[in-house]
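Take a look at the structure set out below.
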Amino acid sequence: MAMNITFQIGALAGTPIQAAESITSASTGSDSSAAAAAAAWKTPIPSIRCKIIKPEMIEQKSQPTSPCRSPILSGSNGIRPDLSVACRAFATDTLEFMTLDESKAAEEEKMYKEGKTEKEKGVPVYVMMPLDSVTMGNTLNRKKAMNASLQALKSAGVEGLMVDVWWGLVERDAPGVYNWGGYTELLEMAKRHGLKVQAVMSFHQCGGNVGDSCTIPLPKWAVEEIDKDQDLAYTDQWGRRNYEYISLGCDTLPVLKGRTPVQCYSDFMRAFRDNFKHLLGDTIVEIQVGMGPAGELRYPSYPEQNGTWRFPGIGAFQCYDKYMLSSLKAAAEAAGKPEWGSTGPTDAGEYNNWPEDTQFFRKEGGGWTSPYGEFFLAWYSQMLLDHGERILSSAKATFENIGVKISVKIAGIHWHYGTRSHAPELTAGYYNTRFRDGYLPIARMLARHGAIFNFTCIEMRDHEQPQDALCAPEKLVRQVALATREAGIPLAGENALPRYDEYAHEQILQASSLNIDGSSDDKEMCAFTYLRMNPHLFQPDNWRRFVAFVKKMKEGKSADRCWEEVEREAEHFVHVSRPLVQEAAVALMH
């Protein structure tokens, strides 16, 4: 007997969710096609005038223990078996209940935001898939639950999915031998449901950072080479090696069984293009190119594995492998200061220090303002920019003229942003201080390759963060928005924490509107990616708020309707579709 929907959704994160009541059959007069659910959005409702009154209550806050730690959510509020939170029939393996009206789907189909005309409004919402959507055996994980969930996401008006395509899975066993099995299943499933895909070329290890629900190492043949030459791994001043991502210091050296790391990344992207060329530009609309740990263009300066770093520590420079030190030495000699080339700063403290604990980062007379400090930080950040240039050049050549966008993710390092030195940004490779804009050079580098600037922490508000750490995510987002506007490139966003509350949704709506200087122009973020699909998202209250959020994002900044009206539509939509979802759930049980 097949599992019911409750357990399928719970299986997405490997966590069964207990049903609160038994499933009952749908009423005999209910609709029997998913088109009824889609039509629910079209159902006329009375014109509503409403006044928004914010409740006098304590707002839900992000957990202050980490920049990317999920709030602890109660597991007692399980999903009801009728799954009123879903908005369309969940599909069986034979797709018996997936009778989506194709003409209606075609009408609702939208081009990727950057392909829209200037008159079209709204920010399309994508949803990140579970990290382990594809198994270590290269098969699609939890196939039936995945199918049901994609159907629900599509019914909610979601534009598409973000999928990590792991280098460590696809090219795991031997250089140049690619196994796309699980990804073929997943991408074809997305196409069946009319969902677009942002494919992430994930050249980093999964595991070791908060939010990593599984472990996927780099390809074993690459790890073998790192074991032989540990300087291929990023290294701090105390000799700790980091296996999350191969050091950019050896980008152009043939250290991986005769190929350079950049050649390996290039070959992987070409193989992806050739294998999925029939989906590129239609289903696959964006390629996000992994550039470092967590897929972000940065150094692994704040590794949480083994408790090395804890929020809000300043992190540590990662330039002590022999390849990085060789580059530093050459740069110092070229600057006429060979004595600067033997090591990085020795007075920059440790991972969990605060700026004023160190001589290098302190606001008064800190080494970061000295001639040596300026030289080192310029070299360190330029190495990161050069790394981005090399990989983007390859990505642009690989995916040019086939209808896909290219994007790069930049980390939202918002802690100690209110200090002069911005120490955590500096150790990560972003030369951003009170006196220097570190994001404009990144934006201009992306602009040279026509890439999208994808930025995190969009849902955060300044007052939710620890005030003693001078966190300022809103100010940081504004700085990045200004940099992308000056560079003339699109800005996309992600939330750093899984958040389901209206306060986070409102902050995302505000940030995505790009009203950074009170202007009333038509500019908006080109896309927003919601972190992440999991059982909590499908809980009734969370799902209702999410459906309303997606609706509001799609309406864009010109919409003048209030939250209450949109949420009332969402509730009506969920209510109308409930019998249909019950019918599908009962069928899946048998």
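Including glycine, each Cβ sits where the backbone N, Cα and C put it.
Features of the protein shown, as given by TrEMBL:
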type: ACT_SITE; residues: Glu296; note: active site, proton donor
type: ACT_SITE; residues: Glu494; note: active site, proton acceptor
type: BINDING; residues: Asp164, His204, Asp212, Lys409, His414, Thr456, Asn495, Ala496, Arg532; note: substrate binding site
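Between Asp164 (substrate binding site) and Glu296 (active site, proton donor), the C-alpha separation comes to 13 Å.
Asp164 (substrate binding site) has a Cβ environment of 24 other Cβ atoms inside 10 Å. For Arg532 (substrate binding site), the Cβ neighbour count at a 10 Å cut-off comes to 21, with all displayed protein chains included. Glu296 (active site, proton donor) counts 23 other C-beta atoms within 10 Å of its own C-beta, drawing on all protein chains shown. Take the CB of the residue listed as 'active site, proton acceptor' and look out to 10 A: across all protein chains shown you find 22 other CB atoms. In sequence order, Thr456, Cys457, Ile458, Glu459, Ala504, Ile508, Tyr530, Leu531 are the residues of the chain that are 6 or more apart from Asn495 (substrate binding site) and have a CB within less than 8 Å of its CB. Taking the C-alpha atom of Glu296 (active site, proton donor) as reference, the shortest distance to any of the recorded positions His414, Glu494, Arg532 belongs to Glu494.
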